[in-house]
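Engineer: As annotated in TrEMBL:
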DOMAIN    62-329  domain 'Aminotransferase class V'
MOD_RES   193  N6-(pyridoxal phosphate)lysine
BINDING   338  substrate binding site
Ligand SMILES: *Cc1c(COP(=O)(O)O)cnc(C)c1O
């Protein structure tokens, strides 16, 4: 069932058992599904995300990760509120685009794509702009693989008593984060990233007391986070509209496999080792990383093209024939490609990848 490994940050390589979990049909409103699967997932997501689960609640939402980012911004930020978005890549910028669609008062603070978000600049902006009510930031910017300093950003945002929204799409489940300790109010991720499920829905973990105040704020019916939550909460796992039942069942299997692996700390250790083997091997073959090591996440790694003659399409096709699918770059300032370290992939897979690249270089 695996013609090649996806070394891409979602959809990614999933285990055989996660794929097999999709081999039966579930009714979208039956108890076996709602109570037996959806409610279990909601409870476990909250426990995974924070040390004080009683203060938080989880909502699952149909669609890809961006649907959930949009549902959150569109259901939480009121016309009189002011949002500050810190952006050092495509996903940060996308939050700014969502704010534009919804005509939110929004300032996008832009950073270089090769630099982490600077907490001191957020602090200076908040001091100069007391009208700001919400701050949103991406944890791991998948555009490059940079890991933003979420602890320091959260400390500053909370010192100024603002609501903090974190796009932890590509880090949740693979990089330890404690929402309660950091004071994060809304955190967003999706099924097909570090939990290692298949694509089809995302989820929002929210501070219960804040979400409870969001009735009637949404400008979209399908993406009304409050309404989706109220239906799930009162209906014990019911979705408002057809849910991706097979995908959700596979996700529960993926959550169980995360537990079996030893939880987020163990998964983080594996991804870090994947990344270490990858970078060491690539450097030995003459490739250079885009980011300095201290800004780099273990999630995805960007490499410069090795020389002006490098043909990415050709390299991609040859690697695919050898069993590895990689990712093109996504930044404008430099020619790069990316290799994802997340999914059901292990250090030995990366040793084989390095061998495959070495063979291509020798051709
Ligand atoms: C994957 C991802 C998203 C969502 O992208 P979709 O294509 O909508 O799933 C958002 N933010 C980050 C940081 C991501 O890595």
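Keep in mind that glycine also has a Cβ here, set from the backbone N, Cα and C atoms.
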Engineer: Through the lens of DSSP with three states only, how would you label residue 193 (N6-(pyridoxal phosphate)lysine)?
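Structural biologist: Assignment for residue 193 (N6-(pyridoxal phosphate)lysine) reads coil.
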Engineer: Calculate the distance in Å between the alpha carbons (Cα) of the residue listed as 'substrate binding site' and residue 193 (N6-(pyridoxal phosphate)lysine), and round it to a whole number.
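Structural biologist: Spelling it out, the Cα of the residue listed as 'substrate binding site' and the Cα of residue 193 (N6-(pyridoxal phosphate)lysine) are 16 Å apart.
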Engineer: Mind giving me a neighbour count for residue 338 (substrate binding site)? Other Cβ atoms within 10 Å of its Cβ, every protein chain shown.
Structural biologist: 22
Engineer: Around the C-beta of the residue listed as 'N6-(pyridoxal phosphate)lysine', how many further C-beta atoms are within 10 angstroms, looking at every protein chain?
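Structural biologist: The residue listed as 'N6-(pyridoxal phosphate)lysine' is surrounded by 28 other Cβ atoms within 10 Å.
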Engineer: Would you report the average pLDDT that the model assigns to the domain 'Aminotransferase class V' (62-329)?
Structural biologist: 98
